[in-house]
Amino acid sequence: MLLPQQNRQSLYMYGSEVAVEKECMRQLQSGVFVIHPFSLMSYYIMGMMAITFLNLIGIPMEIAFLDGTSGLAWEGFNVFSDTLFLIDVALNFRMGIISENGEEAILDIKQIRVCYLRTWFIPDVIAAFPIGYILLFADLHYHSNDNPSKTTRMMRILMFVRILSLIRLARVSRLVRFFNEVEKVSNANLEVVRLFFRILSLFMMIFLLCHWNGCIQYFVPMLEEFPTDCWVRKENLMNATVIVKYSWGVFRALSQMIALSYGSMDAPTYVEMWIVMVSMVSGCLMYTVLVANATAMIANIDPAAKEYKSKMSRLEHYMAFMKLPPELQLRITNYYQARYGGKWFDAKEVMHTVSSALREQILTVMCSRLLRNMPLFRNKDENVIISIVQRLDYEVYQEGDVIIRKNAPGDRMFFIEHGQVLEENDDFHRELCDGDFFG
């Protein structure tokens, strides 16, 4: 389970099954307990990402709305989450690291330890502080105590500990790292997968920002013990359900983040005014990040179409500089559109970069059917067909173009893939279409 698996990710990084097996031998020869980043631990990372996201949703709701009545199930989940994060801190000292150049995985224990201590150890220890254990023991002591004065003191301690549990929101940094790690080890050669994870992480961060803001809307009046002029009393939410309170909190947060209103008809109080300002600033930052990321994603989508537009722009400048007639400029533009279809690529460069076996297969798929339509090549050996297709060039002609003139040297032959050609002289004329040949 700790060794690299033979899958799309490891084969993309190491190049072959033999190279993956050599990586397994390299890890076994180290003789120490190390988790390879391309092992089955990628599923563990995804599970931790889900648990982290649930924590980042549940912790603010517990503090703001549940008022110490979260129940045994949520307290059990808190203890379970704290245990997992403590284990995760220990596992990070044994978790292999993908190097910056992406050429190999770092499996040396000393390098892993030094790298972790210099980067994420302190944030992880803070985020993994076992508040869940403290709350569980305090709740058990609170329910078993019958002394009123001690009960009141214990309630204050519980409130302080619950506010202190906000440090667990530092796990948001772990969520970002989980996304980066999953992006590295999940189909790293597929741009659509990387784009999916970027969009997913962006929307999850926006959701968390709105969620936290909605919880703060209710949490601050609760700390003030709900004064008469707070929005909670004005909306008669003192005895409402948690869902209703949360819905109103998120509604106020979104209204302020998009600068639509204060979330109610009344002006905010002095304390609420600071919440409104924080919401407005966070909303501006949220939309700035959203627009910046959306722009970057759109710019990176379909590089072939982007390159085509760049080539067409340079072509237009060239034609204008050479003062070509408008009719000729239009024909040149139509030619590029017909040949490349809005996507720029260099077919000759592709053919030169692939192996000879792949080049033969590509040309055979593209051109063998056209050759076998000609009686001269219909029953020829496959090797003859392959040798001929490697000498073929792809060309595009527009309506009105003269392909061959009368009495021109007969040094070439044409096979029509798509389109129509009119062949005529003084004695006859005929129309040729898909699959025909001439020359």
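Heads up, the Cβ atoms here are built off N, Cα and C, so glycines get one too.
Please treat TrEMBL annotations as automatic predictions, because they have not gone through curation.
The transmembrane segment annotation in TrEMBL covers 43-66, 72-93, 114-137, 157-174, 195-219, 274-301. Taken from TrEMBL, the feature domain 'Cyclic nucleotide-binding' covers 376-439.
The average pLDDT for the domain 'Cyclic nucleotide-binding' (376-439) in the predicted structure is 84.
Outside the transmembrane segment (114-137), and at least 6 residues removed from its termini, the chain residues within Cβ reach (under 8 Å) are 75, 78-83, 85-86, 88-89, 92-93, 97, 106, 158, 161-162, 164-165, 167-168, 170-171, 173-174, 177. With a cut-off of 8 Å between Cβ atoms, the residues of this chain six or more beyond the transmembrane segment (72-93) that come close are 35, 48, 51, 54-55, 58, 62, 66, 109, 112-113, 116, 120-121, 124-125, 127-133, 135-136, 139, 171, 174. Only residues 6 or more beyond the boundaries of the transmembrane segment (43-66), in the same chain, are considered here, and those with a CB under 8 A from a CB of the stretch are 74, 77, 81, 84, 88, 162-163, 165-166, 168-169, 171-172, 174-175, 178-179, 181-182, 185, 204, 208, 211-212, 215-216, 218-219, 222, 242, 245-246, 249. Counted with DSSP, the domain 'Cyclic nucleotide-binding' (376-439) comes out as 10 helix, 12 strand, 42 coil.
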